[in-house]
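Positions annotated as domain 'PurM-like N-terminal' by TrEMBL: 26-136. The annotation Mg(2+) 4 binding site is assigned in TrEMBL to Asp28, Ser43, Asp73. Here TrEMBL flags Asp28, Asp73, Asp212 as Mg(2+) 3 binding site. What TrEMBL records for Asp45, Asp73 is Mg(2+) 2 binding site. Residues annotated as Mg(2+) 1 binding site in TrEMBL: Asp45, Asp120. The substrate binding site annotation in TrEMBL covers His52, Asp277, Tyr330. Annotation comment: TrEMBL describes Gly119, Asp120, Arg144, Ser214 as ATP binding site. Positions annotated as domain 'PurM-like C-terminal' by TrEMBL: 148-315. Here TrEMBL flags Asp215 as Mg(2+) 5 binding site.
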Amino acid sequence: MNEFDLIKQYFRNVSPVVEGTTLGNGDDCALLQLKPNQTMAVSVDTLVEGVHFPCGASANDIAQRALRTALSDLAAMAATPRWVTLALTLPQHNSDWLSAFSEGLRADLHAFNCELIGGDTTRGALTISVQVMGVVENYPALTRAGAKVGDGIFVTHTLGNGAASLLQVLGKLQSLALPNALCSELDDLFYRPELAFYVAQQLHAVATSAIDISDGLVADLKHICTASGVGAKVNVAQLPYSATAKSLAKGIENTALNSERLTAQQLLQQWALYGGDDYQLCFTAPAHAVAELKEQTPLAATQIGVVVAEQGVQLHNNGQALAVQHKNGYTHFE
């Protein structure tokens, strides 16, 4: 049983539905109606040392990764961040660690203009739970449901950065003697992913569905397909990559780290399709509407496929069918 089956079986219908709940659990955020033209989006993420970040990571880095991965869910709903609560489980009281954590958190709370309004602390294995609340005003929130056959499938910015940077933070790249600048870029990609708030808030008039890419493109696109009752056909030749990820893939290509003997391009595809931790958006929209929007405003979005009637995710490389691998992104309890 994976985490999504666990939630569905034990927690999907455990409570009554109360007045004001527009959308309950099962999407990136719950939606609560505040006023006729104002909806609150609420989500919570938990990070555990050794699972979501390596043991020994700096407190500053941990704070910023914890906040940004939680805020990414708000971006997926086109919500504006407003409030945060924080629950910290600490193995011990360490003033230096807490000062560094606080400073990292302070920097990003100000960067994203959201207020820390409460929380809790307890003793135990290092665990950080961040609840985020944002507001959607004057337009409907984006959800995973709503994709229509014929819509284009798009992603924001670039993919594969999460999987590429994970190799760096786990110390697996030391044998490559990478330039310090590239190592720093990889650290930043892991701990401080670029969130797509600006793009999301430009999309509200044209997007039919959206999700943030945390578990891998294939896994998260499947959630859109399931919620919308459709399928997806993705051309891997159209996947966008950062210069940093391209440099790393080229550097790994002919080394022992590439145990499957993949080409640099194949490595990039694996990272994008199955790696996760990108925290970009995958969304669906009529292709002509996105093209018109790009004429009006800068929009970092790339079309990678099309919504089809046959359910499930299909992959191809400029028409040549590719098998969808079973390692469909990260899931807990599997």
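Keep in mind that glycine also has a Cβ here, set from the backbone N, Cα and C atoms.
The model shown is predicted, which means the values in this text are computed figures rather than measured ones.
Taking H, G and I as helix, E and B as strand and the rest as coil, DSSP gives the domain 'PurM-like N-terminal' (26-136) the counts 35 helix, 49 strand, 27 coil. The binding-site residues in question are Asp73, Asp120, Asp215, Asp277, and the one with the fewest Cβ neighbours inside 10 Å is Asp120. Note on proximity: of the binding-site residues Ser43, Asp45, His52, Arg144, Asp212, the one nearest Asp120 (Mg(2+) 1 binding site) is Asp45, by Cα distance. When the binding-site residues Asp45, Asp212, Asp277 are screened for a Cα within 10 A of the Cα of Asp73 (Mg(2+) 4 binding site), the ones that qualify are Asp45, Asp212. Annotation for Gly119 (ATP binding site): same-chain Cβ neighbours under 8 Å, separated by at least 6 residues, are Thr85, Leu86, Ala87, Leu88. Maximum intra-site Cα distance, ATP binding residues Gly119, Asp120, Arg144, Ser214: 31 Å. When the binding-site residues Asp45, Asp212 are compared by the number of other C-beta atoms lying within 10 angstroms of their own C-beta, Asp45 comes out lowest.
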